Amino acid sequence: MKVCGSNCLSLFVIFSAVRSSVSLWDPDDHGSGGITDATPLPINAVCHMHPDAKSPLNVTGIITFNQTNEWAPLKINISLSGFKQFPPDTPDSELLHGLHIHHYGDVDNGCVTLSKGSHFNPLSMNHGDIADTVRHIGDLGNIKQETDGTLHVVLYDSQASLFGSISILGRGIVVHAARDDLGRGGNPGSIYNGNAGPRLACCAIVVTP
Ligand SMILES: [Cu+2]
Ligand SMILES: [Zn+2]
């Protein structure tokens, strides 16, 4: 039985050409390490902070996340600059900024999409501090800037995680202009969002090697 004639040869030529063109970019595209669902722990993630379009400041920097396994605490290393500068004797309360993981992480349109969702809250809790049992998973408390406008803080968290069905991967982070009242403000906004004021900058949490 004749399945194909001269067409077979041209089909083979086309197939070979596609194969060879694929092989030109395929190895680089998938990298040499090849992270897959079966790749063992740990997970590292990063968030590249960019200023909100409405902010008068130029807060930028990087937040890195490292977690060795799903039971280990999440290490959050925050290094930012561009905050307002203050005199050396400024009280701490003026140097604090609310930091939240927000539900949405799409930063293609600046911080606009993040503002359409509130804090990441898959367990339907009230707003609180990072050290509280009752809190949004996205509540990372307050971080304190230096008077020179920089900020270097390392946090360890036992609720936010890079693992599992309520992972923070793909969510957004917002650093706010004001101090977060941590749910203790005694008004409706307090247990909802902590009244941390306008957004200074935001970023998306993405996996990195
Ligand atoms: Cu927020
Ligand atoms: Zn919250």
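Our numbering is plain: 1 for the first residue shown, then up by one each step along the chain.
Including glycine, each Cβ sits where the backbone N, Cα and C put it.
The feature signal peptide is assigned by TrEMBL to 1-23.
The feature domain 'Superoxide dismutase copper/zinc binding' is assigned by TrEMBL to 59-205. Summarised as a single figure, the pLDDT of the domain 'Superoxide dismutase copper/zinc binding' (59-205) averages 97.
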Residue counts for the domain 'Superoxide dismutase copper/zinc binding' (59-205) under DSSP, helix then strand then coil, are 11 helix, 48 strand, 88 coil
